[in-house]
Amino acid sequence: MLKKIASGPYLVWILLFILIPILMIAFFGMVRIDPETGNYFFTSDNFKRVFEGVYLSVWTRSIFIALKATFICLVLGYPMAMILSRMDVKYRTIAVMLFVVPMWMNFLLRTYAWMTILGKNGVLNKILTFFGLPQMTFLYSEGAVLLGMVYNFLPFMVLPIYTVLSKMDNGLIEAAEDLGANKFNSFRKVILPLSIPGIVSGISMVFMPAVSTFVISNLLYGGQYMLIGNLIEQQFLVVNDWHFGSAISIILMIIILLTMAIMNHLSGNDPEDGGANLW
Amino acid sequence: MVNKWIKRIYTAMMFIFLYAPIAVLIVFSFNDSKSTAKWEGFTFEWYQALFDNSYIMKSLYYTILVALVSAALATLIGTFAAFGIYYMKVWKQKLVLNVNSIPMLNPDIVTGVSLMTLFVAMNIQLGLMTMIIAHVTFNIPYVVLSVLPKFRQMPGELMEAALDLGATPWYAFKKVILPEIKPGIITGALIAFTLSIDDFVISFFTTGSGVSNLSIAIYSMARRGIKPEINALSTLMFGSVLVLLLIINKRTKIEDI
Amino acid sequence: MKKLILLALAMMLLVTGCAGEEKGQVLNVYNWGDYIDEDIFEIFESETGIKINYETYATNEEMYTKIKTGGTKYDIAIPSEYMIEKMIREEMLQEIDLSKIPNIKNINDRFMDLSFDPGNQYSVPYFWGTVGIIYNSESIQEPIDSWSVLWDEKYKGEFTMMDSQRDSIMVALKELGYSMNTRNLDELEEAKELLVAQKPLVLAYVGDNVKDMLISGEASMAVVWSGEASAVIQEYPEFKYALPKEGSNLWFDNIVIPKDAQNSDAAHAFIDFLCRGDIGFKNADYVGYATVNNETMKLLDPDLMDTTYAYPKDEWIENFEIFNDPGDFITEYDRIWTEIKAN
């Protein structure tokens, strides 16, 4: 009996606050209100508009900058994860912990920090002036947004790769080297393939928040750089077009869930574990 | 040898990249000037201003309140949920776990606007309650996923054995199962608490009536430019994170022994 | 487990307790960021015992959406004229009982009974002003008198625009020589092209952080509301405020009570309080905008008279326009604005 009712409150909760809200925005995305009668009518206009002209360029911009951020995180993060995983156990715990500490700081404070550094009168420009170099505009540029993304999401790339690498059997690498593989080949043929699950989960953990953020672009590129997140925020909070906003949200959700499913499939993860392996 | 140095330099550069922004905030939180343009002497003025700022203090109060309440509720609901799910038929279990993972996979902004749509359509006034509901919603999945494995690790039919020996279901749950899954519950509660403290996007869309958490307060202040009070706040938060980690580190060491 | 349940229960009590604690008299005020001297809240609270719950917005549109949505029930809001017209049309406002606002006698007749709210049935004047260009005369030597500087390559990355749809589109429409209340789609499209072409030159689209950006030197020129210019210039006289010769926006912000306000009596009391001469002065002195209050006027620094940023001479703003509500055509403005920002 207890077994049956134990999950009751939970089932009600996820029905009410997970399933129904999503069904609601799906519905809102498919309808508009007739200004004459005030009634809903079904239309595909909202979804069509999501892929039209200027909005299409918002999608490509968002996806491109998220891909760039993911790529940079991978290039910077993989060597870091390798170094961490090879460290002497004595220092390793502390090094990994030091790597995690900034992540525990509030996300907004981390982004805000770059505002003080990149501003016209910020620290970076002060350093430039000190060396007699001309001042530059760092803040309010695409570079600033990219930097903000890399800074905030880098640990999400390093940690999963690190976890996989540190669990890897060192015997395998030694065996490969004994069999005559040089360092490069043992990396290419042994280490890299075995670390794919880590890479895959790192990529999805960076790409997903990067593609949907509106905070980083708002703070570091003052309002004229629109990503998908900003577009959704604007539709819901400023323009008051919830139908269009809902349609964009649904498309974003579908894209993300599809990428996740593909990613999970690639790395051979059991989708049932969902994000549990992240921790 | 060269290799080793490259590694060291690389590691050092990474840590500089990670910590330089935080260091800048900390240094300028003691600067006797509103701007970060130059150093004009040491002051505690901004810390004073921070504690005098009723908006930030109120937000801090709401942050902690929401984190405590939502973590407690999520842990309670999530633990029983894991218990129920563990005994479900396989197809049902799969279905439920898939729904369970939606808030974890979905972008925060979609979760945020969908909850806001629900509250508004139901004519529920946005505020503390809606924010707590939203936090419980995104916390529960993590609790379920940290408790469920503990059930799976549980030796055989513990519950059945206890029931056979004449225990009531509730007694069996309390005395036999609970001790087994306790570590999972604690992990789940901690994750829930941290996620709640750190959340911005979902809170941003689901709150109203003058209720804001620390993240929202920082966002609205940061949008208006550099504020030395935020530097002071960052320093304090960084300090508390460090202290917290030291405590955790010490605890795990003692357990190791 | 028991402890956990107890803890959860205690928390619930705490939450409901807090909700209860605020049950006294609370007035939910929704206002533009930095558009009131928050010290006057304490005066109001000590005089009436009504607690003020204060929230801010950055644009008329944001305020409208929030009130339309109904997530929070506000007792006071301060929209601009075109938005008031729209809100009246959509029956979003409560009628104001002027007999409960004796201090209305302090308000200058010039600001009463304007076309967007005949007879002040729904709104009471708060501040008025213009939109213009503020610039730092130390870094920008040439005299500024036209919107066209905002398309000048040499100021690339030096200036900010407003993150407000009607105001930014207005700048482009005026530069093109059109009315800022146009309902001609071609003119609107032309304005869009102009603003899109301008984007690479713009440092940022900003809200009420513009003052900080100017003072800190992040930007040396900005399109602003007159009061923001006034607040900056009174502290940093190197800044100047220009009223563009092509004409601009002359605006009036009035206090309103939204339809679903919970505490209409307190809202009336608060409006009356704001209309008091001394309170008006404290407020005007803090925010820098031009007062509508005769009593406040007497207390003001005479130096402010005949300045571009505070109380301009009538002939300087002869060709200025007042926004009106474009009705359903607003969806075109919404679309144009979204497209400008998305580009």
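Note: Cβ is positioned from N, Cα and C throughout, glycine not excepted.
Where the annotation comes from TrEMBL, it is an automatic prediction and has not been curated.
Annotation comment: TrEMBL describes B:12-30 (among others) as transmembrane segment. Sequence-remote contacts of a segment are chain residues at least 6 beyond its ends whose Cβ falls under 8 Å from one of its Cβ atoms, and for the transmembrane segment (B:12-30) they are 36, 39, 42-44, 46-47, 228, 230-232, 234-235, 238.
The transmembrane segment annotation in TrEMBL covers B:60-88 (among others).
Positions annotated as domain 'ABC transmembrane type-1' by TrEMBL: B:60-248.
The transmembrane segment annotation in TrEMBL covers B:109-126 (among others).
The transmembrane segment annotation in TrEMBL covers B:132-149 (among others).
What TrEMBL lists as transmembrane segment is B:230-248 (among others).
Counting Cβ pairs closer than 8 Å and at least 6 residues apart in sequence, the transmembrane segment (B:60-88) and the transmembrane segment (B:230-248) reach fewer than three and form no contact. Within the same chain, residues 66-67, 69-71, 73-75, 77-79, 81-83, 85-86, 97, 100-104, 108, 111-112, 115, 181, 184-185, 187-189, 191-192, 195-196, 199, 202-203, 206 sit at least 6 positions outside the transmembrane segment (B:132-149) and bring their C-beta atoms closer than 8 Å to a C-beta of that stretch. Note on the transmembrane segment (B:230-248): residues 22, 25-26, 28-29, 46-47, 49-50, 56, 218, 221-222 of its chain, located 6 or more positions outside it, place their CB under 8 angstroms from a CB of the stretch.
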